[in-house]
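Asks: Questions regarding the structure given below will be posed in turn.
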Amino acid sequence: MASWNSIPLEITYETFGWIAFFSWSISFYPQVIMNFRRKSVVGLNFDFVLLNLTKHSSYLIYNASLYFSSAIQHQYFEKYGHGEMIPVAANDVAFSIHAVLLTAITLFQIVIYDRGNQKVSKISIATVCVVWLVAAVCFFIALPSHSWLWLISIFNSIQVFMTVIKYIPQVIMNFMRKSTTGFSIGNILLDFLGGVTNYAQMAVQSIDQNSWVNFYGNIGKTLLSLVSIFFDLVFMCQHYILYPEKKAFPPKLNKEGTEPLIRCSEEPAAPENV
């Protein structure tokens with residue numbers, strides 16, 4: 001296994017990695033907190049959450065397997081060369097675990113809070129079922145020959161596929177409603193920061209090793225960053241430019257600079273002459 005050639009680049013790599021971890025991890029909380037305060041999930045697309053759970057679950061399987069399994073690491077070195085580094089860091093595993101837990105909590109909020117007339121589409125349910133069926137079939141294909149690297153690459157491909165499609169229902173929903181109310185922009189801003197630093201982390205490793213193998217050796221991580229950045233820009237455009245929230249204007253003040261205690265809709269009647 002290769003080692004770092006530059007200590008400053010190694011420190012930069014770790015820094016970018018943990019910034020991405022904290023940004024992506026914290027990005028789940030604004031939506032969870034918003035749902036809790038409103039006691040409502042209206043405005044949050046349920047397909048997005050369901051597809052996101054499948055995405056993060058498959059990504060966790062890939063990251064944890066490649067990071068902890070010596071057998072899979074051996075197969076990786078046999079394919080890409082013993083001079084390469086494993087393209088999965090500790091922060092990748094930590095993020096995946098945290099992401100699965102927080103997405104599951106968001107899904108639970110959908111069950112217990114006001115949903116309005118929203119529901120999970122049959123297309124999303126069918127997509128999730130087909131994806132896990134394919135994963136199960138691939139497991140039994142890989143089992144006889146112990147092709148574990150190939151198997152986890154399937155899970156990596158699944159997470160890339162889910163990353164591409166999971167944002168689309170929310171984008172369409174915002175477009176149809178002409179509003180982003182109920183969908184936290186804080187989630188998007190932090191997700192954008194995570195995507196940028198995650199991609200920067202891979203670039204730093206490639207510069208140090210003078211090799212771009214880690215980009216296509218872990219194509220899932222590469223596409224995860226690029227796709228996330230693209231859709232985050234779309235959401236920011238929707239929130240700040242296309243469908244900005246209407247600001248409530250403060251009540252008018254009287255001459256003394258204070259709000260009147262009683263607002264009269266009608267002028268008082270003139271006193272009657274006795």
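Even glycines carry a Cβ here, placed using N, Cα and C.
All TrEMBL annotations are machine predictions without curation.
Computed from a predicted structure; not experimentally measured.
According to TrEMBL, the protein carries these features:
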- 15-36: transmembrane segment (TRANSMEM)
- 57-73: transmembrane segment (TRANSMEM)
- 93-113: transmembrane segment (TRANSMEM)
- 125-142: transmembrane segment (TRANSMEM)
- 148-168: transmembrane segment (TRANSMEM)
- 180-202: transmembrane segment (TRANSMEM)
- 222-243: transmembrane segment (TRANSMEM)
Asks: Below 8 angstroms Cβ to Cβ, which residues of this chain, lying six or more residues outside the transmembrane segment (148-168), approach it?
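Replies: Cβ under 8 Å, 6 or more out: 47-48, 51-52, 54-56, 58-59, 61-62, 65-66, 69, 71-72, 75-76, 79, 127, 131, 134-135, 138-139, 142, 218-220, 223-224, 227-228, 231, 234-235.
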Asks: Quick test of the contact rule: Cβ under 8 Å, at least six residues beyond the ends. What residues does that give for the transmembrane segment (180-202)?
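Replies: Contacts of the transmembrane segment (180-202) (Cβ under 8 Å, skipping residues fewer than 6 from its ends): 13, 16-17, 19-21, 23-24, 26-28, 30-31, 34, 38, 40-45, 87, 89, 170, 174, 214-215, 218, 221-222, 224-226, 228-229, 232-233, 235-236, 238-240, 243, 245.
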Asks: Under 8 Å between C-beta atoms and at least six residues away from its ends: which parts of the chain pack against the transmembrane segment (15-36)?
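Replies: Long-range Cβ neighbours of the transmembrane segment (15-36): 44, 89-92, 94-95, 98-99, 102-103, 105-106, 109, 113, 182-191, 193-195, 197-198, 200-201, 204.
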